[in-house]
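Participant: Mind having a look at this structure? Questions to follow.
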Amino acid sequence: MKVLVLFSVLFLTLFSYSSTEAIDEFDSDAEEDMLSLMANEQVRAKACTPRLHDCSHDRHSCCRSELFKDVCTCFYPEGGDNEVCTCQQPKHLKYMEKAADKAKKFGGKIKKWFG
C-alpha cells in the first residue's frame, strides 16, 4: 500500500511538471505570434464626423464628446422631400455630461477644503 501511494505521488509530481512545461512553451509561442501580429497591424481608424455635420454617408462615424458618442439623427426638413442626417447629442446625454462636469468641479472644491 505504501508503494502504491509513493508511485501515485511520484506520478502526480511528474505529470504536473510536464504539463507546466508544455503550458510555458505554448505561452511563449503565443506571445511571439501576438508580437509579430501587432508589428504588422496597420491603423484603420477613419476620421469622425463632427457634431451637426452631415453623416448620411456613414451613420456610425459620429465623433465622441467627453463621455458619450454622438448619434446620427435623420429627419425630413419642413417642406422638403430629402432626408437630412446630422450628428447630434441626445438631450439626456447632454444633461448627464453637465452633471458629471459639475460633480468633478464640486469634488475639486472639496479636495481643496479638506485636502
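Every residue, even glycine, has its Cβ placed from backbone N, Cα and C.
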Participant: Can you look up which of Cys63, Cys85 is joined to Cys74 by a disulfide in Swiss-Prot?
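Facilitator: Swiss-Prot annotates a disulfide bond between Cys74 and Cys85.
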Participant: According to Swiss-Prot, which candidate among Cys48, Cys87 shares a disulfide with Cys63?
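Facilitator: According to Swiss-Prot, the disulfide partner of Cys63 among Cys48, Cys87 is Cys48.
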Participant: Work out how many Å separate Cys74 (disulfide bond) and Cys48 (disulfide bond) at their Cα atoms, rounded off.
Facilitator: 17
Participant: C-alpha of Cys55 (disulfide bond) to C-alpha of Cys48 (disulfide bond): distance in Å?
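Facilitator: Cα-Cα, rounded: 9 Å.
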Participant: May I ask which residues of the same chain, at least 6 positions away in sequence, place their Cβ under 8 angstroms from the Cβ of Cys48 (disulfide bond)?
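Facilitator: Looking at Cβ-Cβ distances below 8 Å from Cys48 (disulfide bond), excluding near sequence neighbours, one finds Ser61, Cys62, Cys63, Arg64.
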